Amino acid sequence: MSALDAVKTRLERACARAGRDPRAVTLVAVTKGRSAEEVEAQLLGRGHLTLGESRVQEWRSKAARLAERGWAPEWHFIGNLQTNKVKYCAPFYALHSLNSRRLAEALEAFGARRAHRFRVFVEVNVAGEASKQGVPLAEAEALVRYAQGLPHLEVLGLMTIAPYSHDPEAVRPVFRALRELRDRLALEALSMGMSGDFEVAIEEGATHVRVGSALFTPDTATLPEPPAGPRDRKGTA
């Protein structure tokens with residue numbers, strides 16, 4: 001079984017536990033640090049065309065290389081976006097890291113000049129980690145409402161990066177808090193969950209999971225056991 005197939009199987013099992021349709025969850029394959037050749041062999045050549053990058057310069061080089069090889073994947077930007085890099089971001093399907101009014105204003109100004117509308121996720125630092133980007137949970141609604149008032153931004157939903165933990169159950173409250181905020185704000189999408197915790201994120205309602213390292217492991221015929229822990233609420237899309 002390929003690493004891609006293993007991740008898709010884990011995704012489908014998580015959806016089954018939560019009573020969700022797997023088609024409601026988008027797997028954003030994170031290609032940071034991977035060569036164009038690796039991406040082609042492990043993902044594109046196996047039919048997976050939704051990719052995520054966290055550095056603009058790396059993405060530009062990689063996207064150009066893949067375009068030369070005939071590939072046109074759907075790119076998502078998932079890293080911290082500096083305002084001076086906004087001018088390069090129109091080709092992305094969505095930006096998962098709107099974290100300030102300043103960035104919203106830079107996107108709006110570029111969009112107005114180029115008649116382009118950016119799809120964005122507001123990044124929320126749910127756990128309040130000093131090492132992470134994102135607006136504090138208590139300030140997220142204000143940024144969402146501000147961005148919704150800008151004609152060249154379309155707010156798809158919310159994004160978060162949970163604290164690292166060996167136990168995926170430990171970060172369930174983070175995902176649950178973001179889903180509850182999403183519901184209060186009547187938004188559609190939730191970008192949350194990475195290689196170590198995306199199954200719990202799906203159970204809590206993730207519509208987009210950002211998976212990198214799990215997709216680039218050696219092919220295997222076995223799957224990891226599903227994470228243990230309470231399944232006390234079914235996530236909804």
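Count begins at 1; order follows the chain as displayed.
A Cβ is built for glycine as well, from the same backbone N, Cα and C atoms used for every other residue.
The domain 'Alanine racemase N-terminal' feature in TrEMBL is assigned to 4-216. What TrEMBL records for LYS32 is N6-(pyridoxal phosphate)lysine. Per TrEMBL, the feature region 'Disordered' maps to 217-237.
Counting only same-chain residues six or more apart in sequence, the Cβ atoms lying under 8 angstroms from the Cβ of LYS32 (N6-(pyridoxal phosphate)lysine) belong to GLY52, GLU53, SER54, ARG55, GLU58, GLY79, GLY212. Mean pLDDT for the domain 'Alanine racemase N-terminal' (4-216) in this predicted model: 98.
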